[in-house]
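See structure below.
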Amino acid sequence: MPWVWSSFSMRRGLTFVTGLVECLCFAGAVFGWASLVFVLKEEGYFSSLCTNTTGVNNTQVLDCSNQDEQFSLIFTVASFMNNFMTLPSGFLYDHYGTTVARLFSIFLYTFGLLMVAFSTPAIPNLLFPAMTFLAVGGILFLITNMQVGNLFGSHRSTVITLYNGAFDSSSALFLVIKLLHESGVSLRASFLFLSACGVIHLLRTFFLLPKKSIPYPLPDQYTYGISCSKTKTRSLNGEGETVMDEAPLKDDNPVTEEKSFRECFFSRFFLWHVCWLSVMQLRHYLFIGTLNPMLQRLTAGEPSLVSQYTNAFAVTQLCGVLCAPWNGLIMDRHKAKPRAAGVTEQEADLQASVLSLFLTVMQCVLFSVCASTPYLPLQYLTFILQVVNRSFLYGGNAAFISMAFPSCHFGKLYGLVMALSALFSLMQYPCFALVKGPLHGDPLYVNIGLTLLTLLAFVHPISVYLHCKKVSKLRA
């Protein structure tokens with residue numbers, strides 16, 4: 001039935017491309033916060049918190065540390081909710097399927113955009129719920145898109161990491177808004193246009209994604225989408241019809257017993273994976289949330305230099321979609337080779353993940369060292385290391401969960417690991433307060449402490465390596 005396969009291939013290609021565009025242009029916009037803060041400051045949001053103080057030689061200087069703290073608090077709340085709400089989002093996706101989860105995410109995301117559009121310097125506190133809705137809606141876009149990797153078999157991890165890289169790159173959306181604002185386009189007009197794009201998300205939900213979820217491994221003659229929910233095809237002998245739908249097809253082969261959700265949660269893999277993600281995510285969140293005040297300090301408050309480095313940071317975020325597939329290729333590299341006798345696909349996946357997990361931690365240590373060095377030109381290298389490491393971190397997180405645990409628990413486990421890491425990420429606000437208070441604006445000691453904490457993440461790849469070595473010895 002070539003016409004059925006051709007139709008499926010075309011639909012699969014459209015699903016992949018449109019999902020990539022959705023993640024690239026919308027899902028992780030909240031992490032472009034540094035660019036949006038620049039615009040919000042120009043608009044006068046929280047400007048009443050700036051006060052005149054006496055500086056060197058009795059000169060009057062404008063102290064906006066309270067304004068910076070308020071913006072940092074908004075990002076802290078949004079980034080926390082982005083991760084913490086992944087847990088109920090994962091349960092929603094696992095139990096009710098793609099359509100229900102996406103309708104909920106579209107509502108939240110569009111409502112968040114409208115709240116930003118109608119916020120003003122007189123009512124700046126609207127930014128708190130607005131950024132939260134954007135964060136939660138965006139992460140649900142990502143969760144419902146990662147299943148597209150199941151359509152591509154041996155390239156599954158590559159597609160998952162690519163989508164996570166696109167999620168990271170979407171933070172450049174606020175750079176576009178910043179550049180448009182500098183060209184005379186109002187903040188309200190930009191966000192109203194983005195909210196109108198909700199129609200595109202709705203069309204994609206009904207025509208290019210399944211009602212429930214895409215299974216893995218993919219059953220024979222699998223199809224999905226609103227027009228394919230009941231597709232009839234003639235059997236080979238021409239004597240009848242076979243009805244196919246998006247549900248996995250049952251067969252008579254024995255099904256291996258899968259681990260329960262409880263067993264997955266209390267496994268060594270899961271607990272060390274939470275630690276691996278949490279310590280590195282905290283480093284990234286604190287860097288993004290304090291980027292603007294850091295640049296203010298290193299440039300002595302020169303607006304043109306702050307704008308230049310803010311733009312450079314936002315431009316590097318675009319490269320996340322280019323960096324993330326490298327991690328997927330590292331994880332999928334064994335699939336082109338025949339496996340040794342007795343080696344299961346999951347064991348081969350875990351062996352391939354060790355290098356990915358180790359490289360991710362090494363990148364984060366280098367990024368943290370550069371970010372801790374108070375030398376302005378070095379921050380260009382910091383931006384590059386940050387985007388590469390962030391792409392590896394989140395792409396590797398999703399890919400590892402999909403490989404190490406049963407697919408029926410993916411949404412719940414992904415949500416749980418993100419929620420637990422979110423609780424740990426709340427440490428960024430006390431760190432920011434510590435820098436602003438007792439350390440008098442100098443983050444050196446906090447940065448050194450975070451760099452040392454990052455070293456703890458090396459335990460995870462070592463743990464996976466030792467597990468694989470043990471299984472190999474037992475098999476021999």
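For all residues, glycine too, the Cβ spot is worked out from N, Cα and C.
Now, the feature entries from TrEMBL:
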type	residues	note
TRANSMEM	12-39	transmembrane segment
TRANSMEM	71-93	transmembrane segment
TRANSMEM	100-120	transmembrane segment
TRANSMEM	126-146	transmembrane segment
TRANSMEM	269-288	transmembrane segment
TRANSMEM	308-329	transmembrane segment
TRANSMEM	350-374	transmembrane segment
TRANSMEM	413-432	transmembrane segment
TRANSMEM	444-466	transmembrane segment
May I ask for the residues of the chain that lie six or more residues beyond the transmembrane segment (444-466) and have a Cβ under 8 Å from a Cβ within it?
268-269, 272-273, 275-276, 279-280, 282-283, 286, 350, 353-355, 357-358, 360-361, 364-365, 368-369, 371-372, 374, 431, 434-435
Annotated stretches the transmembrane segment (269-288) and the transmembrane segment (350-374) touching (3 or more Cβ pairs under 8 Å):
yes
Given a Cβ distance threshold of under 8 angstroms, which distant residues of the chain, six or more beyond its ends, lie next to the transmembrane segment (12-39)?
71, 74-75, 78-79, 82, 109, 131, 134-135, 138-139, 141-142, 145, 148, 151-152, 159, 162-164, 166-175, 177-178, 181, 187, 194, 197, 200-201, 204, 208-209, 288-289, 291-292, 306-307, 310-311, 313-314, 317, 321
Are there residues at least 6 beyond the ends of the transmembrane segment (100-120) whose Cβ is under 8 Å from a Cβ of it, and what are they?
26, 45, 89, 92-93, 126-127, 129-134, 136-138, 140-141, 143-144, 187-188, 191-192, 194-195, 198, 201-202, 205, 209
Under an 8 Å Cβ to Cβ limit, what residues of the same chain, 6 or more beyond the ends of the transmembrane segment (308-329), are close to it?
20, 24, 31-32, 34-35, 38, 155, 157-169, 171-172, 174-175, 178-179, 291-292, 295, 299, 356, 359-360, 376, 379-380, 383-384, 386-388, 390-392, 395-396, 399
What residues in the same chain, six or more past the boundaries of the transmembrane segment (71-93), come closer than 8 Å to it by Cβ-Cβ distance?
30-31, 33, 37, 40, 46, 100-101, 104-105, 127-128, 131-132, 134-136, 138-140, 143-144, 213, 281, 285, 288-290, 292-293, 410-416, 418-419, 421-423, 425-426, 428-429, 432
